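Peer 1: This is the structure, below, for whatever I ask next.
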Amino acid sequence: MMLWQATPASLWQGRDDSAEAPNALRLFQTIVRAERFAPQEMPGDIALLGFACDEGVRRNKGRTGAADGPATLRRALANMASHQGHDRCVDMGTISVDGEQLEAAHQALREAVADCQRVGKRTLVLGGGHETAFGHGAGVLDAFPGEKVGIINLDAHLDLRFADCASSGTPFRQLALECDAQQRGFHYTCIGVSRAANTQALWDEAARRQVAIVEDLEVLTAFETRVLPELERNIAQFDRLYLTIDLDVLPAREMPAVSAPAALGVPLATLLRIVEPLCRNGKLQAVDLVEFNPLFDIDGQGARAAARLAWQIAHWWR
């Protein structure tokens, strides 16, 4: 596959405690690495994919560096303990962007995701900017053409921008247009939105598209009455769920390593309360973690937070 590369073994290294007990294992010891892109030949039902791209962030006038996110997050995951669920993970490599050719990278990711999904592998994608979401989401739509797919975005931003070209600010507008083209419903929920970070034009577009929104303040002050009903609605109404997590939904004190750190944000402990029921309900088909930018990390703090989130998702995923 063009733009695809196998993950170097050097990224999956860690402390070996196996002399203590046979089950004293870490992720670097249980993950399987694909040497070529052939998901139908690989074990496990969680396909880990990287999308090494921040061209969308550059186009959106953000701080670049997220292209190095997948490699850094793999290193952070490698030394974490391997428990129930983690032995289902197979590293299916990374899609990279060639220069400024985001559209080609989107197509490659879309095809890779659809190929994994069609052979029974759910996809866990490490970005990359939030442009990741168009390629990932489109691949899920392609794999399940006759089904209702609910898109849940944990994010400070709506990412419904009007623009002349694709960027990290346009993925859900692109997915809306893709749903229009496929004559299917666009079912989008955004949780953690900062009103201060989205113009009225974006709120108007969200209203036009009937986007379900839970603001960051509502997450913090009305979790049981605003967040839980939205999660229950998505689980009840849709055949498949696609969860995309923009790490800038976290407070800057927990996640400094993003293009646009959040002054308020939703704490990691609260985010996990949202993620757990989505992982355990049996309908979650795809997850990505995006916008991690190692250039702005502080003592590996952001990498550890993002890796814990990915680790927990794989552990809970049913």
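Cβ atoms are placed via backbone N, Cα and C, with glycine included.
The following feature annotations were taken from Swiss-Prot:
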type: BINDING; residues: His130, Asp155, Asp159, Asp246; note: Mn(2+) 1 binding site
type: BINDING; residues: Asp155, His157, Asp246, Asp248; note: Mn(2+) 2 binding site
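In terms of burial and nearby residues, how do these features look in this structure?
Peer 2: Sequence-distant neighbours of Asp155 (Mn(2+) 1 binding site) (same chain, 6+ apart, CB under 8 A from its CB) are His130, Cys190, Ile191, Gly192, Val193, Thr244, Ile245, Asp246, Asp248, Val249.
All protein chains considered, the CB of His157 (Mn(2+) 2 binding site) has 25 other CB atoms within 10 Å.
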Peer 1: Which of Asp159, Asp246, Asp248 (the binding-site residues) has the most other Cβ atoms within 10 Å?
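Peer 2: Checking each of Asp159, Asp246, Asp248, the winner is Asp246.
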Peer 1: Return one of helix, strand or coil for Asp246 (Mn(2+) 1 binding site), based on DSSP.
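Peer 2: SS state of Asp246 (Mn(2+) 1 binding site) = strand.
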Peer 1: Within 8 Å of the centroid of the Cβ atoms of Asp155, His157, Asp246, Asp248, which other residues of that chain place their own Cβ, given that this set defines the recorded Mn(2+) 2 site?
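Peer 2: For the Mn(2+) 2 site the neighbour list reads His130, Asn153, Leu154, Ala156, Asp159, Gly192, Leu247, Val249, Ala260, Glu291.
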Peer 1: Can you tell me the three-state DSSP label for Asp155 (Mn(2+) 1 binding site)?
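Peer 2: Where Asp155 (Mn(2+) 1 binding site) sits, the three-state DSSP reduction gives coil.
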